[in-house]
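These come from TrEMBL:
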type: DOMAIN; residues: 290-346; note: domain 'MIR'
type: DOMAIN; residues: 359-415; note: domain 'MIR'
type: DOMAIN; residues: 420-477; note: domain 'MIR'
type: TRANSMEM; residues: 17-37; note: transmembrane segment
type: TRANSMEM; residues: 57-77; note: transmembrane segment
type: TRANSMEM; residues: 98-119; note: transmembrane segment
type: TRANSMEM; residues: 125-143; note: transmembrane segment
type: TRANSMEM; residues: 181-214; note: transmembrane segment
type: TRANSMEM; residues: 235-256; note: transmembrane segment
type: TRANSMEM; residues: 552-575; note: transmembrane segment
type: TRANSMEM; residues: 596-619; note: transmembrane segment
type: TRANSMEM; residues: 625-645; note: transmembrane segment
type: TRANSMEM; residues: 657-677; note: transmembrane segment
Amino acid sequence: MALTLFIMKSMSKKTSLDFFTVFSIIAGWWWLFVFFFPSWDETHFGKMGSYYINRTFFFDVHPPLGKMLIGLAGYLSGYDGTFPFQKPGDRYEQHNYMGMRGFCAFLGSCLVPFAYLTVLELSKSLPAALLTAFILIFDTGCITLSQYILLDPILMFFLMGAVLSMVKSNSSADRPFSASWWFWLSLTGVNLAGAIGVKFVGLFVVLLVGLNTIYDLWDLLGNLSLSVVMFGKHLLARVLCLILLPLALYTAMFAVHFTVLNKSGPGDGFFSSAFQSQLIGNNLHNVSIPEHLAYGSVVTMKNLRMAGGYLHSHWHLYPEGIGARQQQVTAYLHKDLNNLWIIKKHDLDTDLSDPSSPVEFVRHGDIIRLQHKETSRNLHSHQHEAPLTRKHFQVTGYGINGTGDSNDFWRIEVVGRKAGKLIKVLRSQIRLTHVATGCILGSSGKTLPKWGWEQVEVTCTPYLKETPNSLWNFEDHVNPKLPNISLDVLKPSFAEILLESHMVMIRGNSGLKPKDNEVTSKPWHWPINYQGLRFSGVNETDYRVYLLGNPVIWWLNLVTIGLYLLITVSTAVALKRGVQLTSELKELSRVVLRGGGQIMLGWLLHYLPFFMMGRVLYFHHYFPAMLFSSMLTGITWDTLLKFCAGFLSPSTTARKVYGGGFLVLILLILYSFYLFHPLSYGMIGPMASDPSSPMAGLRWMDSWEF
């Protein structure tokens, strides 16, 4: 206990900050390059870094900043962007992956000094900051998450940067419009742009800063010594630094993103035809195609719903019990030969490719047949129920060599056009109405099971409400008998591209559902450390890494949340009842209610929204909230031990209780880290389910799968 007090006294703020920063880097970088293969989501984000280096367009459900920074780190460290990142376990061999991992590990190491400085600013207590630093340095989960090419350390870096800048800005409130005040306010805006530029969950820290700003402005409004003009300056400064600056930086990220990714790639099919025409190598780039649709043309049809896909068919049939056992028709997000269809007259089957036959254009209101080029079956519908969407009709491929029945007939109509008008490729928005049933062809947006190759369901809806789901445009168009026009007229503006990209990302996020045999989790699992995530390794000969929090730390954080609420309620009641407090207890009350309250609000904002999300969730989604709970632990236990020590005398006894309490907490954290550090740095040998495994006795919960 005496040693603990001596260390606390002897370590200055700067010395302790330097010490913990270096120690954090050592803990995060230890064995960083031992695993010569991608683990878990490195296969996604490492590949996306490669796309930036190769300037290949791709689609992701998150904004681009994190992947851009990973790609930049790889480029600057000599990585050439050629590793395929196909699956976990493929060895990197000669590929230089160290720059990307090292970059993420460095940002992860910065979380410790950021949290240390934040707690120090809020509590003015060095021991509280030291305890917070110990928690984050020796948490196995934070170490694991920072060692790989992932978005999480980048997101948490900007998140904690925003919180620290906000707290520093608040501390400069007595010097408004000074250089330091402007610096911290502007840096808050920069970090907000960074957080939301990595993942949309960065909006939670935007909300935290927004609520803090509203509170400050409301407090200023009540200051009668402040003129209305001065209040207006405060308001404009916050609008400039916390709204306009982040928006400008966020928009600039996308400008860089679309400038760098100028080559056709796997993400083309998620975007509109007009957007695709700007990508080098895309079949729509810099090409000329016939302007008006004619019979005999070979076309692809793209649904106007964001990420709605191309009308597609293949040889596979619908399984037994799913409507009629006929050929599947789906919407497919990628370019494929099975997306090609031939426009034919509904009542004739003449060879319109004959050069001597006259050109006959398709017009608004015509009844047509769509014949699948690869399988020669017609687009068909009937009153069997669709596979997933109730009360919609099934759409199939039917017939032999183009010969079918009257359920293959569709009326083609152009939105906003009069009967008899020609149909323009790419620009005309069309709908196909089934002649026999009156339903309209559409893409429901629902993902089919494995028997449908996880492609998008196509149905015929009897509800005539006009939505993007039921609208299409013709994209590819081949007809050697027609003259061509340039596609440059379709070039979209940056504002249109920006809006479309966000619509596609939101649509993609909402469509993320768990796959078969995939380990997912529920939000209530996370604070109790109920279940981890396997990063790599499945047998005794593999290095096995398992994402799981240090149990002592996570359960201490959970207990602390309840303890904090109890202390807060007790303090608030005491103040309301007019209990006389010493100056020291008043200061502790301020720290608990003001400083701890900001951190508690941060935890709530970064945790509770996940209960309302319909998308698939994983354990790693809790780690931003875990940062707040760790800072809350440092503040709460420092306050509690000071409060207990305040009732003891003489002062030597009080100091022993205070120092002894911190010593017990630190020793528990260190011992737990000693036990569980193989989860982060790699396990080899028998699995934990084997009694001979060194990890066998550490499965304190049956749900842990290491």
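Note: Cβ is positioned from N, Cα and C throughout, glycine not excepted.
Long-range contacts of the transmembrane segment (181-214) within the same chain: residues 62-66, 151, 154-155, 157-159, 161-163, 165-166, 168-170, 172-173, 175, 237-238, 241-243, 245-247, 249-250, 253, 505, 509, 598, 601-602, 605-606, 609, 621, 624, each at least 6 residues beyond the stretch ends and with a Cβ under 8 Å from a Cβ of the stretch. For the transmembrane segment (625-645), the residues of the chain that approach it from at least six positions outside its boundaries are 111, 115, 118-119, 122-123, 125, 127-132, 135-136, 139, 141-142, 156, 159-160, 526-527, 549, 553-554, 556-558, 560-561, 563-564, 567, 584-585, 588, 591-592, 595-596, 599-600, 602-603, 606-607, 654-655, 657-658, 661-662, 665, judged by C-beta separation under 8 angstroms. The transmembrane segment (552-575) makes contact with the transmembrane segment (657-677): 3 or more of their CB pairs lie within 8 A, with pairs spaced 6 or more apart in sequence.
Secondary structure of the domain 'MIR' (359-415), assigned with DSSP and counted as helix (H, G, I), strand (E, B) and coil, comes to 3 helix, 29 strand, 25 coil. Counting same-chain residues at least six beyond the ends of the transmembrane segment (57-77), those with a Cβ under 8 angstroms from any Cβ of the stretch are 44-46, 48-51, 96-100, 102-104, 149, 151, 154-155, 194, 196-200, 250, 253-254, 256-257, 260-268, 270-271, 279, 504-505, 508-509, 512.
Counting residues per DSSP class in helix, strand and coil order gives 3 helix, 28 strand, 26 coil for the domain 'MIR' (290-346).
Beyond the ends of the transmembrane segment (596-619), by six or more residues, the same chain brings 122, 163, 167, 201, 204-205, 207-208, 211-212, 509-514, 518-523, 525-527, 531-533, 547, 561, 564, 568, 625, 628-629, 631-632, 635-636, 639 to within a C-beta distance below 8 angstroms of the stretch.
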